[in-house]
Amino acid sequence: LHNWTVLDKIILSTKTPDKKFIFGKGNFQILTEKIKGLPHITAVFLNIERLSPLTKKELEDAWGVTVFDRYTVVLHIFRCNARTKEAKLQIALAEIPLLRTNLKNEMSHLDQQRGGSRYIMGSGETFMEMQYRLLKEKEFKIRNALEKLRRKRSVLRTQRERREFPVISVMGYTNCGKTTLIKALTGDEGLQPQDQLFATLDITAHAGYLPSHLAVIYVDTIGFLSELPHDLIESFSATLEDVAYSDLIVHVRDISHPETVLQKASVLSVLKNLNLPSHLLDSVVEVHNKVDLIEWYQSPETNAIAVSALLGYGLEELKEEIERIVLKTTGKRILTIKVNLAGPQLSWLYKEATVQEVDVMPENGTANVKVIISNSALGKYKKLFPQ
């Protein structure tokens, strides 16, 4: 996070997180003394998924600074990185539970301080009820707007399927180098990779070519995080639903990271929870990225492909492996078709298939055309141009 500096950190054993005080008396005292001894600190982050409102208030009163849990910090990182309308809506939706909790706290605090009528201008509705109603309306509007965007994405997906571009979803733990890899595979200069968590919060699509000149779409997805708060997963799972419609998943790992094995387990568990088709899970291509940061790198896994997206190492081998699986999963075939140059066959093939080579035979006005073609397009071709 920009303008945030970690001054100190400490690992302490906790009691059950839902107890009023998370720590035992001794640990709580150690922590309080540590915080009081750092006059410059403005906040404390506890690596706990959600703090109860009561605990948060008690700790803030005791320490005199704001206390954050995992949910509020991750939400804040998301908020800083949201660019598109959809990402901003997803974050607004994830904020609703937090706003409800805050409202509850504020109202109980106010109720203790005042008596008198709690109703607004004889409407029969308390201030709290009105606030809850407004929150409910806000949530309804956000969900509606997200549903519209989801339908729009569905239309775009249908158009993509009609054009039959194979779709490759690039996934991995946050900051593993997905965007850098896509930039290296596609040559898309518009992509600006950043060395930070959740630099990509939206699914973005980028066109690229495989060695056989087959055009494919690489989809850059949101990065994963271990123990990502559940409400956030719910909000962002809609963004990940596109993955189910891809032809191949490429799982990128930062192999130089000390916790790369744990990160892999975290990504695989999220993938399992997305209810993806089994054929998609069975053909995941694992990429070991950032091998340039390791001396004498030797992969412990035989089927993984070692690359350096930054230096361009291993990319050709990766493209060949992607092509092999994509041709297999999409049912596309590489064929040589003889065409009459006087007719429309050649232009039709250019439009509906991937033309690799055209070998012209001028003496009889024909050409042997090497193409990558799907079974459905081949069926159409045979119908239109019976030999």
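Cβ coordinates are placed from backbone N, Cα and C, and glycine is handled just like the others.
Residues annotated as GTP binding site in TrEMBL: 172-179, 198-202, 220-223, 289-292, 308-310.
Annotation source TrEMBL lists Mg(2+) binding site at T179, T200.
Taken from TrEMBL, the feature domain 'Hflx-type G' applies to 166-330.
If you take the C-beta of G172 (GTP binding site) and look for same-chain residues 6 or more apart in sequence within under 8 angstroms, you find K178, G223, F224, H251, V252, R253, D254, Q263, V267. Taking all protein chains in view, 23 other C-beta atoms sit within 10 angstroms of the C-beta of T179 (Mg(2+) binding site). Using CA atoms as reference points, the binding-site residues I222, K290, S308 were checked against T179 (Mg(2+) binding site), and the closest is I222.
Counting other Cβ atoms within 10 Å of each Cβ, the binding-site residues K178, K290 show the lowest value at K290.
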